[in-house]
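Heads up, the thing below is written out as structure tokens.
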Amino acid sequence: MTTIPLHSLMRLGAVGVAVLLAAATGGKTPWLEIAFSLGFGHYLLSLLYAKKQIARVVREPQTLAACAVLVAGAGALYVNGFSLVIYFGVHHVFNEVYLLGRAVRLDDGADARRLRLWSILLNFFIYFGLLRHHAELGFVPRETLVNVLLAGLAVGYPAFFFYLLRLRRSLTTAQLVDLCTFEVLGFLLLVVSCFVNIWFVQIVFYHFVFWALFPLPRMAAQGRGPALTYVALNVAATAFFLLLSPLALLPVHLSAGQWDAQFRFWSYLHITLSFALSTAHPAWITRWFQSRPAAPPVAAASGTGRAPV
């Protein structure tokens with residue numbers, strides 16, 4: 001009997017928590033306050049645990065310059081009201097595909113690269129298919145959007161499973177399950193979305209819950225201390241931000257409008273910095289923020305062809 005792989009269990013568990021909490025609260029108070037508080041905690045801890053990556057980026061002029069250009073570009077998008085639904089979608093899909101790549105190591109052959117490409121495209125179609133009713137996608141005529149998404153799904157699913165099955169002989173059953181769990185779950189959620197509205201915040205909350213779980217196995221492998229510290233920091237950060245939320249009874253807390261505005265701002269900043277600090281992105285993004293190898297020594301001027309001592 002094959003057990004469900006840990007990475008897939010974390011994904012399924014995060015989806016379950018998001019669905020149950022939304023159902024228990026009716027999608028209203030305290031749903032948004034809890035979801036955003038966990039999100040603010042996620043943003044804070046992502047910086048705390050990325051100290052080495054931050055130091056690496058700021059240490060070299062070329063990576064620091066690339067980061068400055070990235071932040072400036074994202075700042076222009078934010079100021080001009082670019083859709084957070086679209087911006088988060090890019091962040092979400094790259095996370096789903098490239099974090100899975102850490103759990104299931106594939107070779108760099110043509111079929112593996114094509115599987116990754118179709119996984120990215122298919123996850124985009126799933127994400128926007130689930131949120132097809134969202135107001136921030138209203139700039140595309142509804143019928144056009146639905147037709148494009150249906151066409152993308154109709155092509156994406158067969159292509160994804162075609163390349164997955166081509167790799168079947170080199171995969172264990174657990175790896176095969178891991179590689180298609182989210183795509184199968186996405187199909188089921190698309191069916192559900194025909195009868196029940198799926199909200200943007202539900203998908204965002206799934207992302208936060210998943211990230212609360214994802215680092216734990218590796219931390220636990222280092223001993224109980226790092227894992228317990230991470231859990232405690234998550235709980236403390238979430239509780240702290242709940243005290244600042246509109247739900248709080250404290251005399252000083254944020255209004256609903258301020259709460260939403262702060263969430264949008266810090267979400268933009270977090271997503272932007274993740275492109276520079278996280279390797280869970282395509283190589284054409286991450287290479288701009290990686291240290292460049294030192295140039296080889298120049299041969300001696302005498303023409304001997306040997307490097308100077």
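Quick reminder: no glycine exception, Cβ is built from N, Cα and C everywhere.
Unlike curated entries, TrEMBL annotations are predicted automatically.
Model, not experiment: these values are computed from the prediction.
Here is what TrEMBL records for this protein:
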TRANSMEM  34-51  transmembrane segment
TRANSMEM  63-90  transmembrane segment
TRANSMEM  115-132  transmembrane segment
TRANSMEM  144-165  transmembrane segment
TRANSMEM  185-214  transmembrane segment
TRANSMEM  226-245  transmembrane segment
TRANSMEM  265-285  transmembrane segment
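Among 34-51, 63-90, 115-132, 144-165, 265-285, 34-51 has the largest number of CB pairs under 8 A with the transmembrane segment (226-245). The transmembrane segment (63-90) and the transmembrane segment (185-214) are in contact, since at least 3 Cβ pairs between them lie under 8 Å (pairs 6 or more apart in sequence).
The transmembrane segment (115-132) shares more Cβ pairs under 8 Å with 144-165 than with any other stretch in the list 34-51, 144-165, 185-214, 265-285. In terms of C-beta pairs under 8 Å, the stretch of 34-51, 144-165, 265-285 lying closest in packing to the transmembrane segment (185-214) is 34-51.
Here the transmembrane segment (265-285) has Cβ contacts under 8 Å with residues 39-40, 42-43, 46-47, 50, 53-54, 57, 63, 66-67, 70-71, 74, 77-78, 84, 87-88, 90-91, 94-95, 98-99, 102, 204 of the same chain, all six or more residues outside its ends.
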